[in-house]
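Have a look at the structure below before the remarks.
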């Protein structure tokens, strides 16, 4: 049975356009509360990022949950992985995040965590969707859920992040720039690194509700590159709006993406006998990551795109480490979801172990040129499965003769087809990607 509202990462869209409306979110809170309460009395944590619409949606979700008889604990602006962690530590039945992650302020969305801090199973999302079709009711007054605020959430999460590196770890002597994307990490990320001894300069940590991800953060890293060079810093760290992604910049201003960060963490864990099993990437992971891990004898498998699928593969194999080129990195031995701050700490620890700067340490992996072109489409078309598109992909694959790969997939959150071509010749890769994108666009017309 297919889902009507839930995509690969919850429900997301433009504020004011269905289903990202106050009336739908009220009903969603109620339906979720009904689903969570099937085991009896329940508590639900609710957190958000810094976009202005979060306050509106927090209020209606709170009302819907309470109407269903669920107690609500409000965390305020907090990173998505913090909500996953706090859901576990408060022994809540579920956690809810109000965020559109790396999207602009005019978008918003909702995603859920189970009581174990993992993404909700598909079956429970389907139950919530079924309940949305029912008329909304309110429990008796004596059974209404209570609502309260947690005032020490940031401090709890800071200590949790610091606990992901061994006691006594110090990054004294490290000069870094931290870009918080005017998002959910603005209160916590700089303090985590400072409390571990680093000298920290901070960018984009003055959220006003409208500037989240605006020319800052992991999706627009130009300002961080300039600041790292101006400050003569050792490196820069950029988070996205909700703190589940991280990218870095080395001292030369070069960007270090999620695949390279995953390699650095995996190599360090492997060299210190800490890596359990192998590494999970995605269909979009750079071929260079796979080959670098292969050279070290580290198994590598690809999951579907999306950190929930990376996590599912890790759990199925009882492995610890996985991630995506976008900077979603999951360290199962520390967290139950992608956590930008914790991933950054593991990279810093790896650099400390090797006594190298980021620019040197990244040389252990050779990235293959990879070109990604997004093609927007409308309606219920399936351009990926179109015979003309399939034939074109097969033709390009044959031309690359084992020196690269082609991947077309539909986005789980937007009406986009992502055309990815990867190979050892950058000019040919770009030519193939542009040609395939035009074919997809023509089919969609």
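The first residue you see is number 1, and the count goes up from there.
Using the three backbone atoms N, Cα and C, a Cβ is placed for every residue, glycine included.
What you see is a predicted model, and the numbers here were worked out from it, not measured in a lab.
Under the DSSP three-state reduction, residue 101 (phosphoserine) is assigned to coil, being neither helix nor strand. Positions annotated as phosphoserine by Swiss-Prot: 101.
Residues or ranges marked as Mg(2+) binding site in Swiss-Prot (evidence: sequence analysis): 101, 240, 242, 244.
Annotation source Swiss-Prot lists active site, phosphoserine intermediate at 101. Within the same chain, residues at least 6 positions away in sequence whose Cβ sits under 8 Å from that of residue 101 (phosphoserine) are 9, 12, 49, 80, 109, 240, 241, 242, 244, 245.
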(request) Determine which residues of this chain, when 101, 240, 242, 244 are set aside, have a Cβ within 8 Å of the centroid of the Mg(2+) site's Cβ atoms, and list them as they appear in the sequence. (result) 49, 79, 80, 99, 102, 183, 184, 239, 241, 243, 245, 340
(request) Provide the number of Cβ atoms within 10 Å of the Cβ of residue 242 (Mg(2+) binding site), excluding the reference atom itself. (result) 35
